[in-house]
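A.B. asks: If you look up Swiss-Prot, you'll see S274, D378, H408 marked as active site. The feature compositional bias 'Basic and acidic residues' is assigned by Swiss-Prot to 87-105. Among the features that Swiss-Prot reports, region 'Disordered' is placed at 84-131.
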Amino acid sequence: MPGVAVKLYSVFFKLLLKHRLQNLISISAADGLSDSFGVSTRSDESVAAANPSFTDGVATKDIHIDPMTSLTVRIFLPESALSPEPDSLRHKDNYNHQPRSDRRHSYGPNHNSPAPAERNESRRNSYGCNNENLEPYGGYAPSAKRNSRKLPVMLQFHGGGWVSGSSDSAANDFFCRRIAKVCDVIVLAVGYRLAPENRYPAAFEDGVKVLHWLGKQANLADCCKSLGNRRVNGVEVKKLNVQGQIVDAFGASMVEPWLAAHADPSRCVLLGVSCGGNIADYVARKAVEAGKLLEPVKVVAQVLMYPFFIGNNPTQSEIKLANSYFYDKPVSVLAWKLFLPEKEFDFDHPAANPLAHNRSGPPLKLMPPTLTVVAEHDWMRDRAIAYSEELRKVNVDSPVLEYKDAVHEFATLDMLLKTPQAQACAEDIAIWVKKYISLRGHEFSY
């Protein structure tokens, strides 16, 4: 069973969340909150500022990718991208090949495991490069003189019951830094529009938009490699050979330099947390439908962490664990009322139930490999497991990692982020994900 501290925190968490949801419902009913631009973060939530310098092995920056909406992306670039064979990567490989008896099992922490050794190796300075190569803004800037690696890209969709959470929240920043390091990937945390200002399908459309933006960035970067200084249609276009950017006569950058230098979009993974899992699964379906139209972007796998699934016919866990920790069923129902348009409210809505009879999109057999993470004390667990089972029936690699004595968001909630179980979950995800992002080749194809 979860500890006393978790139980107490859960009580206060649910009270505050229920109060917020009820306020949003009343305001939405009275005044209406529809706003096409939307909001991607709440003013009362703790956020972590982006830091383009390498701090604890990761540099971050925020990109506002759609001028018509509040859609943003926070990029998490691991320091391992600066060297073809970083020492930290070798250490990780050695760690991942330890005997299984020395690792936590997939159901939670192994309390007999020794604490990880402190890293004593020398590190680069806070910018990951020599001072003479720094850009004026003081953060990391790719350089043609420096060795670099192409890393897989992971699109991450945060949780928060559709109405809260953000790509730059303190908890999400910590989690994405951890994932970027253990998986050795560039993480793009998506700041999708929240409800009720923007109801379904806004958040889902934002996820697809980021995937297309990633493809556009890759194509622009390729174009930049062959483009010299020239005039196109009377407009001066310049090539910056150090950062791989294309700028117009006004100096506006069209290419994101970190992605141009380090991203390999042909090895793209989706990771969704709670309601973000619903978004990730939707984006995966759209990627399968698009097929080669998305090239060079290729979604090779997805990770669904305790997805926010529900349905009209309650499962055993939905009945037995309805009043479980943090996001219990009554509170989650309020969240769904704020997210789904009133005329579409139905627990068998395709956004809510992945196995609904009215599900659209490609057949399940075409879905990418899917890792599902569930918690023992989460009322949503059975439906997530059922979805995984249906994928396995059509020969999709779809394992389930179930963690004992765990609660919903046990690996991503602010209070629980530094627990051994949260660290173990990230490491288990990394082991599975690396099967599909290895440079030795991909096992999955549309």
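Positions of Cβ are set from backbone N, Cα and C atoms, glycine also.
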A.B. asks: Would you mind pulling the DSSP three-state label for H408 (active site)?
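C.D. replies: Going by the DSSP assignment, H408 (active site) belongs to neither helix nor strand, so it counts as coil.
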A.B. asks: Do you know which of the active-site residues S274, D378, H408 has the most other C-beta atoms within 10 angstroms of its C-beta?
C.D. replies: S274
A.B. asks: Reported as an integer number of Å, what is the Cα distance between S274 (active site) and H408 (active site)?
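C.D. replies: Spelling it out, the Cα of S274 (active site) and the Cα of H408 (active site) are 8 Å apart.
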A.B. asks: What Cα-Cα separation, expressed in whole Å, is found between D378 (active site) and H408 (active site)?
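C.D. replies: With the alpha carbons as reference points, the distance is 5 Å.
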A.B. asks: According to DSSP, does S274 (active site) fall in a helix, a strand, or coil?
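C.D. replies: For S274 (active site) - judged by DSSP and reduced to three states - the answer is coil.
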A.B. asks: For D378 (active site), what is the secondary structure state per DSSP, taken as helix, strand or coil?
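C.D. replies: Assignment for D378 (active site) reads coil.
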